[in-house]
Amino acid sequence: MTDRNLRELLAPWVPNAPGRVLREMTLDSRTAAAGDLFVAVAGHQTDGRRYIPQAIAQGVAAVVAQAEGEAEEGEIRELHGVPVIYLHRLQERLSALAGRFYQQPLHALRLTGVTGTNGKTTTTHLLAQWAQLLGETSAVMGTVGNGVLGHIHPADNTTGSPIEVQQLLLQLQRQGATFAAMEVSSHGLVQHRVSILHFAAAVFTNLSRDHLDYHGDMAQYEAAKWRLFGELDVGQRIINADDATGRRWLQKLPQAIAVAVSGTLPPERQGDWLCAGEVRYHARGADIPFRSSWGEGIVHCQLIGEFNVSNLLLALTTLLALGYPLPALLDSASRLQSICGRMEVFHAEDRPTVLVDYAHTPDALEKALTAARLHCHGKLWCVFGCGGDRDKGKRPLMGAIAEQYADRVIITDDNPRGEAAQDIINDIKSGLLDAGRAQVISGRAEAVTSAIMQAAPADLVLVAGKGHEDYQIIGKQRLDYSDRTTVARLLGVMA
């Protein structure tokens, strides 16, 4: 297909489609313009077929709409002179349709997909960084944003629509990308957003309770994740053997690659494997010895926490499975950077190590403090607050967690919004066994400054809650503020 012609586009499904030249393809009637192809899908929240008249009024050249059943398959109608072609199970076919429209841009780059409840963002960024250190031009697609490294733009969804995915792949191809790491969400898998893609490798991080409002139960949630490994076009399959779901999947996929931080692999494995030895944690990161089907060695990294050891070893194994050489991977590992605002490490000579993290729930704060403790050789400090006009029940819980896991606690503001900052602080303090143990410094910049100035060089300071955010909401004002920038300025380093 050398141009975007409706007849050629629909040839696999509708042999008698009219020959209209198409400019662009869209699911959103609000952005439809003259010459576009409007795709009207019956979605989970709205039925795109309701907006066909609006799209036609805006000048679209043609419409492909979801048929009510097989009887309508291939039916062609006209509305105000615009052809409307009906396809059965359109949502399932949309990935293939978009792939034909954008001329299969994936053929020009190597794509890896990462799925799981936690760790998708970090693992995709590690894959992209590492591949780039070995000479690739790398891109990421996911929660933090999409684009070539160094030029990442914010994203609305973890996995975009099939059209957005193909548009992005074409854009990355034009920018010279040779390697891309994509977060693949359970929603994206159920909604067939990536069904036409070829993944050189697929990675499973872990599975825990999440998104049950959408999937209904854990069995359906697991089934959604399984689609990437059991139904789609995948080369290498890399699976976390420390996870209960991962161990079950390894039994179903004998040639899949098993990765274990625990040091214990499932018995009688047929496929390749990688297994960590005893990890040494220190203030600047971790040293991770390992054995594998490709050889053994020690990974020296700047990442914090046991969960990041797992993410890193999954990335390492994936790149080994794709043929990247072990010596080059080990030589470059120390240059891997933590993800912006995700257990991000800041350090300077003779100053405390500082972590900036997005943890803003009780569970996330507990995990962040537990991870930080592994790397702390002095006192562990925690600077945090809770958002205003949000879940008040978590405030005392987070206070109790900070008191339990940190040696020094400073309670501060975190987007107080329309609530009085002192009321939020009082709610947090109500969870403390000894309220006198916590300092209260309402201004967030002052609180971060105080912690860093008081802490000794062997101490570690966790600044939790905002992560990559660059604002503070007070009342109705959205003020410029960044924990990362504040910490970097105090330590005299780059953010």
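From the backbone N, Cα and C atoms, a Cβ is placed for every residue, glycine too.
Not measured: the values here are computed from a predicted model.
What Swiss-Prot records for Gly116, Thr117, Asn118, Gly119, Lys120, Thr121, Thr122 is ATP binding site. Here Swiss-Prot flags Arg390, Asp414, Asn415, Pro416, Arg417, Gly465, Glu469 as meso-2,6-diaminopimelate binding site, drawing on sequence analysis. For Lys225, the entry in Swiss-Prot reads N6-carboxylysine, with the evidence type sequence analysis. Annotation comment: Swiss-Prot describes 414-417 as motif 'Meso-diaminopimelate recognition motif'.
Overlay of Swiss-Prot annotations on the structure.
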{"residue": "Gly116", "record": "ATP binding site", "DSSP (3 states)": "coil"}
{"residue": "Thr121", "record": "ATP binding site", "DSSP (3 states)": "helix"}
{"residue": "Asp414", "record": "meso-2,6-diaminopimelate binding site", "DSSP (3 states)": "coil"}
{"residue": "Gly465", "record": "meso-2,6-diaminopimelate binding site", "DSSP (3 states)": "coil"}
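Taking the mean position of the Cβ atoms of Gly116, Thr117, Asn118, Gly119, Lys120, Thr121, Thr122 as the ATP site, the remaining same-chain residues with a Cβ inside 8 Å of that point are Val114, Thr123, Glu183, Thr205, Asn206, Asn311. Sequence-distant contacts of the motif 'Meso-diaminopimelate recognition motif' (414-417) (same chain, six or more residues past either end, CB-CB distance under 8 Å): 360, 384-390, 424, 444, 465-466, 472-475.
Checking the recorded positions (Lys225, Pro416, Arg417, Gly465) against Gly116 (ATP binding site) with a 10 Å Cα-Cα cut-off leaves Lys225. Comparing the binding-site residues Asp414, Glu469 by how many other C-beta atoms lie within 10 angstroms of each C-beta, the top residue is Asp414.
Here the Cβ of Arg390 (meso-2,6-diaminopimelate binding site) has 15 other Cβ atoms within 10 Å, regardless of which shown protein chain they belong to. Of all the binding-site residues in the record (Arg390, Asp414, Pro416, Gly465), the one with the smallest CA separation from Lys120 (ATP binding site) is Gly465. Taking the motif 'Meso-diaminopimelate recognition motif' (414-417) as a whole, pLDDT averages 95 in the prediction. Across the fold, the C-alpha of Lys225 (N6-carboxylysine) and the C-alpha of Thr117 (ATP binding site) stand 9 Å from each other. Annotated pair Gly465 (meso-2,6-diaminopimelate binding site) and Thr122 (ATP binding site), C-alpha to C-alpha distance, rounded: 18 Å.
Between the C-alpha atoms of Asn118 (ATP binding site) and Arg390 (meso-2,6-diaminopimelate binding site), the distance comes to 23 Å. Taking each Cβ in turn and tallying the other Cβ atoms within 10 Å, the top scorer among the binding-site residues Asn118, Thr121 is Thr121. Listed in sequence order, the residues His360, Gly385, Cys386, Gly387, Gly388, Asp413, Lys466, Gln472, Ile473 complete the 8 Å Cβ shell around the meso-2,6-diaminopimelate site centroid, once Arg390, Asp414, Asn415, Pro416, Arg417, Gly465, Glu469 themselves are left out.
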